[in-house]
Amino acid sequence: MPLRIILLGLPGAGKGTQADFIAKHLDIPKISTGDMLRAAVKAKTPLGLEVKKIMESGGLVSDEIMIALVKERVKLPDCHKGYLLDGFPRTLAQADALNAAAIKIDLVIEIDVPEEEIIERMTGRLIHPASGRTYHRRYNPPKVADKDDVTGEPLIQRADDREETVRHRLAVYRKQTSPLSDYYAQWEKSGDPQAPKYFRISGLGSMEEVRERILQVFEAYDPRDSGNLEH
C-alpha cells in the first residue's frame, strides 16, 4: 500500500535529517519544491518554461503552478510506493489547493520542538570559514571556546544563525505554517475518509530517538483508524 507523507516542524526541528531517513526507510522519493522547480526548468516542459520566465524576472511561483508541478511529479513511476513532500504545503491555501487537486496524502507527521530549544540549537552553531568545519556550543564544542580545533583560528556564527534572524524565521513559520497542524488534526477528527492520519511526535533527544518515534508512527499507522500519537 503506498504511503504518501507530509512532514511538518519548525525550522531547526530536524526535518531534513528525518526526511532523508523516511525516504530511505520506505524507499520512496523525497519531493522538494526547489528540486521540482529546477527539474521542470531543465526538462523544458511547458510548465518549466513558465517557471523559468517567472524566476528570471524575480517573481514568485504561484500556488497554482506549484500544485500543477506536484501533480505532474507524483504521477512518475518512482512514486508508486508513495512519496514524501518536503517543504510543501507551507500555507493553508496550499493545503486546500493540494486537497482540491486530489493529490492524496495518507500521513502527516509533525516533529514538535519547543521554540527556545530551536533557538539554542540554531544560535549555538559555529563554523570555521576556511575549512567548513562546524561546531556547536552545546553539542559539539571546540576544545578552546570559539577557536578551531585544528588551526586555532576564530570561529564565526553565520548571519542565518543569529538570534534575531532565527526568531524572525520562527515568527514567519508561526504565522504561515503553524496553522497546518490544526488543519490536519481537525480534518482527521472530522471523520472524512479522505483525511490523512495526523501524528505529532517529540523532536527532543538524539537523532536516533526521534527516528525511533517515527518508526513507532509507521507501526501505529492504520489507514482504517484515526490516530494521534504523542510522546
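Just so you know, glycine gets a Cβ as well, placed from its N, Cα and C.
Checking the ranges 32-61, 62-91, 182-211 against Swiss-Prot, the region 'NMP' annotation falls on 32-61. Binding of ATP is attributed by Swiss-Prot to GLY12, ALA13, GLY14, LYS15, GLY16, THR17, THR134, TYR135, GLY205, and within the candidate set ARG4, ARG125 the record adds ARG125 to that site. Secondary structure from DSSP puts GLY12 (ATP binding site) in coil.
Of all the binding-site residues listed here (GLY12, GLY14, GLY16, GLY59), the one with the fewest other CB atoms within 10 A of its own CB is GLY59. According to DSSP, VAL61 (AMP binding site) is assigned to coil rather than to any helix or strand. Around the Cβ of PHE88 (AMP binding site), the number of neighbouring Cβ atoms within 10 Å comes to 20.
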